Amino acid sequence: LSQSLFALFASSLAISLVFAIIPLCHNVVVLAVVMAVAGLAMGCIDTISNMQLVKIYQKDSAIFLQALHFFVGFGALLSPLIADPFLSDTNCILSNSTANASSNLPHIRKSLVPHHPGNLSHYDLPMKGMVVTRVSYAFWIMALINLPVPIAVFFLLYKERMVPCFNSSSPPLLSADELAMETRPTEKDDLSAAVQRPHAAGGHDDLFSCCQSKNFRGASYTYFAVHITGALVLFMTDGIVGEYSGFIYSYAVEEPLSVVHKVAGYLPSLFWGFITLGRLISIPVSYRMKPATMVFINVVGVLITFLLLLIFSYSVVFLFVGTASLGLFLSSTFPSMLAYTEDILQYKGCATTVLVTGAGIGEMVLQLLVGSIIHDQGSYSFLVCGMIFGGLAFTFYAFLLFFHRMYPKPSSDMDDASPDKPAVMDDTGQYQR
């Protein structure tokens with residue numbers, strides 16, 4: 001826990017520093033390095049926060065994961081609103097031709113579509129002169145808004161007496177016994193929970209224990225299959241989130257829909273708004289519904305929504321309805337899949353790292369893939385790609401259900417070599433494997 005909290009402190013502090021430095025970067029190479037640091041920090045926060053919630057709350061983690069990802073969506077919805085007042089509608093470089101260039105900007109915006117990059121050559125924008133922009137304030141405000149986060153994490157470290165240089169005289173916020181009561185099992189689970197402790201202490205007590213090869217010796221193929229299929233589901237669904245939010249505007253403004261640019265600009269906001277709403281709704285729903293059922297509803301809903309978007313591809317009204325529906329179905333897929341996969345693997349936290357990595361790679365790769373396909377094949381391929389990705393997500397989830405049924409249950413007759421097999425007590429009260 002101390003390693004995770006120190007990593008969260010360093011990562012969240014790095015994000016505030018990066019946002020403060022970005023406006024001062026006058027070289028694209030320096031900016032790229034700074035953005036890479038921000039990406040590393042955000043990846044650490046994403047992985048560690050999910051992993052620790054799973055390990056602390058275990059069977060109750062689904063609710064807390066839904067709450068965590070609600071705030072992720074809320075931040076994605078809120079941050080553009082903070083930056084918007086500082087974005088200029090005119091050119092940011094003053095020169096003798098600024099007035100003419102500023103008057104041409106609406107026409108330039110209309111020409112920013114994948115099939116007509118050559119139109120930009122008709123307009124000469126000044127590249128030299130005094131830069132006048134207020135966008136730096138948006139980055140500095142975001143840096144200040146984020147600053148309480150590392151302060152809060154450091155305060156938690158201090159209260160838990162994990163900071164070497166500072167010794168807090170006050171008692172910890174949550175004692176070990178109270179923390180254990182958060183996940184106290186029922187009577188029928190008392191044995192399985194108690195007997196897992198020796199095994200947990202042996203190989204899952206530090207941040208990098210999941211990378212140790214000794215934990216995989218003798219593991220059955222279903223152990224790896226659950227990790228892989230779960231990661232592939234999130235590869236597809238998070239990839240859909242990235243490519244849909246990134247290209248829905250470009251799809252809407254092109255034929256056959258030809259939506260007005262200002263109206264099309266509301267589509268990404270609508271998409272993220274319903275993702276945030278869906279995650280808020282999923283917090284109480286996850287208390288009543290199993291994660292496996294929620295993931296099934298999500299992937300089926302995504303597949304049906306893309307099918308209807310293809311059927312009604314000439315309807316602007318249904319484009320907005322389908323965007324909202326897709327946001328709702330995609331909203332809880334990530335946290336529900338984490339909870340479901342960790343439930344299969346007895347809440348070791350190792351699957352979380354694999355799933356978060358798979359989701360991040362999918363969000364990156366599918367955007368690149370769809371962007372190149374749209375450029376070559378036209379806007380209609382945007383929905384076709386979404387339909388294919390949705391079908392693959394459903395297929396991989398079906399494989400995950402199959403491997404779940406094949407996965408050995410945590411009982412005394414499990415394979416002795418399985419890394420997830422808990423120790424059980426014999427009649428003499430001794431632990432055996």
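A Cβ is built for glycine as well, from the same backbone N, Cα and C atoms used for every other residue.
Per TrEMBL, the features are:
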type	residues	note
REGION	411-433	region 'Disordered'
TRANSMEM	30-49	transmembrane segment
TRANSMEM	61-82	transmembrane segment
TRANSMEM	137-158	transmembrane segment
TRANSMEM	223-251	transmembrane segment
TRANSMEM	263-281	transmembrane segment
TRANSMEM	293-312	transmembrane segment
TRANSMEM	318-340	transmembrane segment
TRANSMEM	352-374	transmembrane segment
TRANSMEM	380-403	transmembrane segment
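Most Cβ pairs within less than 8 Å of the transmembrane segment (293-312), among stretches 30-49, 61-82, 137-158, 223-251, 263-281, belong to 223-251. Taking residue pairs at least 6 apart in sequence, the transmembrane segment (263-281) and the transmembrane segment (30-49) share fewer than three C-beta contacts under 8 angstroms.
A Cβ distance under 8 Å defines the sequence-distant neighbours of the transmembrane segment (263-281), meaning residues of its chain 6+ beyond its ends; these are 66, 69-70, 72-74, 76-77, 80, 241, 244-245, 248-249, 252-253, 319-320, 323-332, 335. Using a cut-off of 8 Å between Cβ atoms, the transmembrane segment (223-251) and the transmembrane segment (352-374) share at least three residue pairs, counting only pairs 6 or more apart in sequence. A Cβ distance under 8 Å defines the sequence-distant neighbours of the transmembrane segment (137-158), meaning residues of its chain 6+ beyond its ends; these are 2, 5-6, 8-9, 12-13, 15-20, 22-23, 79, 82-83, 86-87, 166, 168, 173.
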